[in-house]
Every structure is written in C-alpha cells, then in structure tokens.
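The active site, nucleophile annotation in Swiss-Prot covers 245. Annotation comment: Swiss-Prot describes 123, 124, 125, 126, 127, 128, 129, 147, 174, 192 as S-adenosyl-L-methionine binding site, evidence class sequence analysis.
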C-alpha cells in the first residue's frame with residue numbers, strides 16, 4: 001500500500017541522529033512502508049467490552065487487544081458489503097474507529113486515577129481522545145473539549161453526540177488562552193499538541209512532502225507556549241499529559257524540559273514504564289514514552305505524564321465576555337422538567353446535572369461546569385434536552401442517546417430493515433404497531449434515537465449530521 005511512501009533524505013538523517021542505539025534504520029523504513037493495522041475502541045458509555053466481544057464474534061470480526069488500552073482492539077473485518085463506519089454498531093456509538101497509538105495519551109492520563117471532576121482536552125477534534133476520556137470519566141464531572149480550527153468543531157460535536165457524551169463543553173480557541181482565562185481550574189489536562197506529524201507516514205504516504213527541519217523548530221516554539229498554558233490551567237497536584245504523533249526530540253523531550261526549566265520544582269515527570277507490558281522498550285530516562293513505529297507496529301508517537309506539585313502565578317489577562325445567554329432553572333422548574341421527562345420517556349435526570357434555559361430551549365449542563373460559567377466563552381455546553389411549547393416539552397435526540405438505559409417502558413424495537421431506514425433519516429412503520437407521543441427507538445439492544453408516533457408511523461428525529469444515505473449494514 002505504502003511502498004511508494006515519500007521519505008526525504010534530510011528526514012532520514014535527522015531520525016538516525018535521534019534513534020535509540022538498539023533500533024535500526026532499515027526496520028524503521030520498512031515499518032513506514034507498511035500500512036497501519038485498523039483499530040477500534042469500544043465505547044463503554046454504550047456497551048461493556050464483554051457484550052461487544054459477543055457481538056463482534058457474531059459478525060465474524062477478529063479482534064486483538066491493544067496492550068495500552070483496555071477497551072482498544074486491532075480489528076480484521078470483511079468490509080466488502082459495508083465499511084466499519086456504516087455498521088449499525090458504529091452508527092449507534094458502540095465503538096470508535098481510532099488509531100491504536102492515539103488511545104495511549106488518555107490511558108496515561110488516567111493511570112491510577114479515577115476521580116477527575118474537571119478535565120481539559122486542549123486540541124480535541126475529531127474526538128477520538130475526547131470520547132475516550134468521557135468514557136473513562138463515565139460521563140461524570142466536566143470535560144472541556146477545545147478545538148482551534150472552527151471547521152473541525154462540527155465533526156467533534158457529531159462524534160460526541162454519536163457516542164452519548166453528556167458531560168462535555170466545547171470551545172473554539174487557540175489553546176494558549178487557557179492558562180490565563182481558566183488558571184488552576186482542571187484536575188487533568190491532555191495536550192495532544194499540533195506537530196510535524198512524522199509518526200503518521202503509515203497512514204499518509206505524502207505526510208513528509210513538506211517536511212523541513214526548520215518547520216520542526218518553528219512548531220516546537222508553539223508547543224512550548226501551549227504546554228505552559230496547559231500547566232497554568234492545571235490545579236496543584238493535577239496531571240498533564242503531553243503527546244504528539246511525531247518523533248523529533250525538539251517537539252517532544254525538549255518541550256517537556258522547557259516546562260521544567262520554566263517552572264522548576266513545580267514540575268515532576270512521572271514514569272510511564274509500567275503503563276502496559278513492554279512499555280519499558282520505549283521508555284526514556286525521564287519516564288516518557290518515545291515510540292518508533294517498528295517497536296509496536298504502530299504510528300510513531302510520544303507521551304509524557306507530568307504532575308504539578310505547586311501553584312504558579314498565572315499570566316494576567318483582560319477578559320471581555322458578553323452576557324451569558326442561559327439562565328439557571330429554579331428548583332421548581334428543574335423538578336418540573338424531571339417529572340415530565342420521567343412521565344413521557346421513563347428517563348431520570350442524573351443527579352450531577354443542572355437544567356439551564358435559553359429562550360425556549362432547555363439544556364442539561366454538568367454541575368461541575370458551573371465554576372467556569374462567566375469566566376470563559378463556550379460554543380456549546382452539555383446537551384439540549386427539550387424545546388418548550390404550549391403543551392409542555394418537545395424532547396430532543398440526545399435525551400435518548402445520552403440518558404436512556406435501554407430498559408425504559410416507552411420503547412419501540414426496530415427490525416434491521418426499519419433500522420436502515422432510520423439511519424437514512426426516514427420515518428418508519430414498525431409492523432403491527434402504533435402509538436402516540438414521543439418514543440425511544442431501539443435496534444439490536446442499543447438506543448439509536450427518539451421518534452414520535454403519528455398513527456402507525458414513527459417520525460424520525462435523527463439530527464441531520466448523523467444521517468447516512470448509502471452503503472449501510
């Protein structure tokens with residue numbers, strides 16, 4: 001597949017100068033010319049690994065565990081009839097197609113830690129690591145998912161929506177703003193930094209077309225600014241994971257050492273040599289993971305885990321925020337929403353959430369977001385659960401996909417034919433059934449959306465960004 005991969009001589013000379021002595025250039029080049037193995041991560045917000053393995057076996061998928069992620073697997077599957085992304089399991093949010101190496105930074109962030117209340121993902125799109133973090137948080141606390149490129153926020157939101165994430169707040173800023181705007185607000189920060197992408201050759205034969213050593217030096221300056229900002233945003237005793245999909249020490253070890261030189265004893269490097277079996281094979285003397293592609297048959301990657309041992313003085317910023325357009329619901333109003341939701345769909349509001357109102361829209365925010373409200377501008381927070389109208393509430397899609405358990409009384413089960421129609425955005429007519437009002441829609445054990453009975457027809461409530469129109473399961 002990638003035998004014709006472009007690898008500049010200058011790049012090979014550079015890699016040879018930084019490659020550990022026990023590795024060789026011939027195996028590096030050979031691995032760069034091999035296509036990546038396809039990998040997926042089970043989304044435990046929707047299904048347990050055990051139940052997913054049963055499904056995979058039924059479908060004839062062969063899975064091999066990814067050693068650094070309990071929910072990750074390399075997959076061999078027949079995609080001749082429908083690609084993995086168009087299977088019902090994928091569209092239902094049961095799994096995420098994610099490169100195995102990219103599962104490592106969230107695993108490192110949560111190593112030995114279970115109870116983060118506020119987490120920042122500084123460069124979040126398209127959402128593989130964000131949704132992995134949300135699953136590790138079990139949808140509790142608040143997860144701020146930031147993406148600098150406005151064009152990528154839409155796909156980030158679509159993936160968060162598909163995977164049933166309800167504790168996220170999305171923002172669209174340069175990651176360098178967080179240290180000044182939200183100093184010492186987060187228990188954990190993931191900085192998967194923009195980089196020269198030297199480790200991505202195996203999935204992009206032209207990844208090195210524009211590579212120069214000067215571009216490495218230039219982007220390292222940006223990375224140093226980003227890691228300082230991320231460190232400022234971290235609470236004392238909080239954990240920062242810095243990662244890249246590149247190999248140059250200028251963008252990796254040197255960026256981490258810059259942080260240590262800047263903040264001294266407040267910075268502690270924590271070793272990742274026990275993160276998984278054979279992690280020692282890529283562990284540096286500082287305890288970082290510097291992964292060349294031939295070692296684990298993966299992308300090239302770098303991961304560092306850093307603890308903040310003491311408070312540091314944040315940069316001063318002048319904030320100019322407009323009026324916050326939401327109003328927190330009164331206890332009485334929140335209780336009314338909860339009662340109506342329980343009556344209509346047999347769904348309970350989680351105890352760690354708050355109802356907020358914007359005009360006629362009803363939103364559910366993570367309770368842990370409240371300290372940041374008024375301090376920062378988010379592009380989207382929590383989930384929209386309803387629109388108010390004369391007769392009460394019109395419930396929204398994410399109520400079904402993020403709050404329903406699948407054991408509710410008000411459910412319609414679809415056949416495979418009707419499920420295909422549903423994912424194509426069409427209304428369905430379940431055989432021999434009729435009803436009234438809103439109804440949870442289920443296929444093969446998974447809640448896939450919210451519909452409304454109109455006689456014997458269920459009106460489709462699938463958001464446009466989740467509709468697929470061809471080549472389905």
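Just so you know, glycine gets a Cβ as well, placed from its N, Cα and C.
For residue 129 (S-adenosyl-L-methionine binding site), other Cβ atoms within 10 Å of its Cβ number 26.
Note: the CA-CA distance between residue 123 (S-adenosyl-L-methionine binding site) and residue 245 (active site, nucleophile) rounds to 13 Å. Taken residue by residue with DSSP, residue 129 (S-adenosyl-L-methionine binding site) is part of a helix.
Among the binding-site residues 125, 127, 129, not one has its Cα within 10 Å of the Cα of the residue listed as 'active site, nucleophile'.
Counting other Cβ atoms within 10 Å of each Cβ, the lowest count among the recorded positions 123, 125, 127, 174, 245 belongs to 174.
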